[in-house]
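Enquirer: Look at TrEMBL and you will find C285 tagged as active site, phosphocysteine intermediate. Annotated substrate binding site per TrEMBL: D251, C285, S286, A287, G288, I289, G290, R291, Q329, in sequence order. Residues or ranges marked as domain 'Tyrosine-protein phosphatase' by TrEMBL: 102-344. Residues or ranges marked as domain 'Tyrosine specific protein phosphatases' in TrEMBL: 259-335.
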Amino acid sequence: MEMHVEDFFDLDPVPETPVFDCFMDIKPESDPATLTVKPVGLQERRGSNVSLTLDMCTPGSTEPYGSVLSPREQSAREYLQKASNVLTAMELHERAMDSFTLQAEFFETPMNFVDPKEYNIPGVVRKNRYKTILPSTVTGPGLGGWIPARGYGGEEKVYIATQGPTVNTVSDFWRMVWQEQSPIIVMITNIEEKNEKCTEYWPEDSVTYEGIEITIQQVIEADDYSLRLITLKCNGEKRSLRHYWYTSWPDQKTPDKAPPLLELVQEVEEACQREEGHGPVIVHCSAGIGRTGCFIATSICCKQLKNEGVVDILKTTCQLRLDRGGMIQTCEQYQFVHHVLSLYEKQLSCQVEE
């Protein structure tokens, strides 16, 4: 069956053009808020984008997928479980500037995609936006209906990463929001970017899905995102929900400025601190691995920098990929996460000096 690049990525290149990987070339001025992007041709690295990210069974194997791990799969899982690179503040700033080292580290880290053959669930095709982007069969909220969503973080179920809802999963999505008692949704995609990336799953005013009444109370417009204050009602119970819609991520690219995403991460973290005993934060883009992975990794690593003064971006990325294959899709995104965290560390240093 013919497959297209867009089946694998929510930040995919134009299918008719050659596949390129990108790395970021930080401008010589030490401006932590700006970076430029430099394309890298296929001959400048190992293999094609797809061959480096897929980790399928050995062709011709008669064993059902998942029953026995191939040596390659076992090696990949061991790498993801053990890989670590703790960076001090100075090392973080230096690493964010080192495109080639980050590129090598990124391509050495297994993507850990799940083979679709692992799933034998009725309706899975109808409910999945991308047939090759699937969640782990091990982790995830216990939903009554099937939807590709996974919990994250060293703490117990801090995040849920999921695909952008389709017209067939809107009810499932809101049921998940209610069941998991999530106080915040972070959406990092436009409705359309050349093709549909996400259906508009919220109402202009009010709507009811499977007994859950969703009402928009207020819309607040910021420079890079809009915030919807939502009320949910079900079986006589009433809850509040904050929906952040980040619209500044450029189509087919990674942002060239770090502050907007960092500000959103900090805003969401502050909102979480005001909620006691809340459920996980739901984060989605289109496929739920690229921009979603960047946001969650940045959020986790900001906490580590603040609490410990060091950061392990590699280990965080590996843990995310163990839970949901493909998190942080490109080396361009991987360096962007380093760049955002470098900016955050400088903010922390300034606060200490003051």
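One-based numbering along the chain as shown.
Even glycines carry a Cβ here, placed using N, Cα and C.
No curator has checked TrEMBL annotations; they are predicted automatically.
Worth saying up front: this structure is predicted, and the values here are computed from it rather than measured.
Have a look at these and tell me how they're positioned relative to everything else.
Expert: For the recorded site, S286 (substrate binding site), the DSSP three-state label reads coil.
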Enquirer: Around C285 (active site, phosphocysteine intermediate), how many other C-beta atoms are within 10 angstroms of its C-beta?
Expert: 28
Enquirer: Cα distance, C285 (active site, phosphocysteine intermediate) to D251 (substrate binding site), nearest Å?
Expert: 12
Enquirer: Around the C-beta of G290 (substrate binding site), how many further C-beta atoms are within 10 angstroms, looking at every protein chain?
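Expert: So the Cβ neighbour count for G290 (substrate binding site) comes to 26.
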Enquirer: Give the three-state DSSP assignment (helix, strand or coil) for D251 (substrate binding site).
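Expert: In three-state terms, D251 (substrate binding site) counts as coil.
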